[in-house]
């Protein structure tokens with residue numbers, strides 16, 4: 001009978017193990033089987049270099065010794081007394097294998113991109129059973145890992161993998177992550193540590209000094225950046241257009257209004273990526289026109305609208321006015337005019353005011369199509385027996401198709417009829433029609449003159465009367481050879497001259513002024529201009545002493561020849 005049988009055992013690979021087998025009173029052959037395969041009956045078990053039978057066979061001791069157990073020794077063993085047909089219990093020998101040192105992918109320094117999710121991966125292979133894996137960050141256990149294991153090709157060992165999801169921040173650079181593995185064969189565990197190097201594109205701050213300036217001032221842009229790995233370059237642009245001459249961390253420029261709307265950008269690069277930061281400058285500038293108002297022509301009764309847009313800094317104020325008036329019609333970009341009349345025609349001004357900086361304006365014209373508008377002085381003047389002229393101006397739009405003067409029983413639109421002729425002149429201010437009388441007679445001052453114009457919108461009329469103009473004759477005695485200073489004896493003679501006798505006469509003895517002749521004449525002509533402003537018909541005369549004494553009729557002719565209105 002067997003007094004000692006083998007039992008199930010667990011052993012760590014590399015250790016030695018003994019499976020006991022004692023059969024008391026048996027002297028025959030004893031052999032062991034491994035998973036049913038006989039190991040042989042010899043005590044030294046040839047062919048199995050690490051296997052041998054231990055004990056005194058005479059005492060029935062046939063224990064199996066296995067040196068330096070390996071995974072292949074993991075099997076079911078049985079002790080058999082073949083001649084006595086005896087078999088021991090089946091004993092399961094379980095061989096434990098410690099895991100290899102853990103391997104963290106990318107170690108010992110793992111380079112990561114900031115703010116980008118990443119899985120730290122630790123592998124422990126060749127273990128039986130599979131290794132347990134624990135992650136630590138700077139000594140603190142991380143509970144968020146994902147664990148998996150797979151059976152290896154030998155069907156006994158297992159490989160374990162643990163992934164630790166992280167989203168690294170810039171501040172995580174330099175942190176230590178440790179992967180610790182253990183199983184029953186290595187209860188003390190094994191570990192591997194790595195350090196993470198968090199790389200990031202440049203962090204950029206763009207400042208401008210000073211922030212608020214006027215046009216033409218210099219400013220300094222400073223591009224401050226930090227990066228891992230190191231910065232490889234700077235690029236500057238304005239409004240998207242590269243500034244080729246700028247390649248450092250600062251840029252000095254002289255600013256104009258465009259820096260208020262076109263941002264200056266600084267792009268900083270390293271091997272991970274690039275960062276672009278932009279800024280505007282608070283440039284103070286006077287009004288600049290963005291949209292110019294367009295002139296309009298509309299028919300009477302229709303609506304009209306003008307639009308103009310300005311920009312400026314500080315914010316501007318806008319005012320629409322009509323030329324000749326200070327009334328503000330609108331403070332917006334658009335001026336609306338409803339159901340316009342001909343009185344609305346004219347020039348409108350869009351004025352922009354930037355406080356403390358400047359003012360600018362644009363004019364735009366509104367033309368209103370309507371019936372002719374005629375302007376004429378109700379009373380016009382002419383000298384009897386001289387050439388006379390009456391005028392009327394048609395200033396509306398569209399231009400007149402026809403202008404007719406009617407007076408007495410006559411009607412004249414162009415050309416000449418007897419003493420009368422019509423002249424028409426077109427200018428930017430309209431059409432000027434003149435009725436010209438070659439010589440005025442007394443009856444011309446008794447008539448009423450009608451100036452009438454037509455266009456497709458209707459007619460317009462103006463009434464004019466012609467009034468006889470009074471003539472003043474100035475007789476000036478200048479200092480001439482043959483005349484004595486203060487000479488006035490010629491006055492009675494001049495007053496008997498026919499052409500002078502019917503007109504008021506002003507006698508001035510300029511010679512008594514004691515001035516040079518050219519100064520005398522200048523002062524006299526200034527007096528004539530003053531009298532002419534008063535709508536008096538002034539005729540200067542500068543007779544010589546001989547003319548006064550010998551030829552008064554020649555004096556009269558000279559007066560007519562030198563007439564000035």
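Glycine too: its Cβ is placed from the backbone N, Cα and C atoms.
TrEMBL annotations:
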type	residues	note
DOMAIN	1-83	domain 'Ig-like'
DOMAIN	91-195	domain 'Ig-like'
DOMAIN	202-278	domain 'Ig-like'
DOMAIN	287-367	domain 'Ig-like'
DOMAIN	371-467	domain 'Ig-like'
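When the stretches 202-278, 287-367, 371-467 are ranked by Cβ pairs under 8 Å to the domain 'Ig-like' (91-195), first place goes to 202-278. Secondary structure of the domain 'Ig-like' (91-195) per DSSP, as helix, strand and coil residue counts: 3 helix, 67 strand, 35 coil.
As a whole-number mean, the pLDDT of the domain 'Ig-like' (91-195) in this prediction is 95. Helix, strand and coil counts under DSSP for the domain 'Ig-like' (287-367) come to 3 helix, 48 strand, 30 coil.
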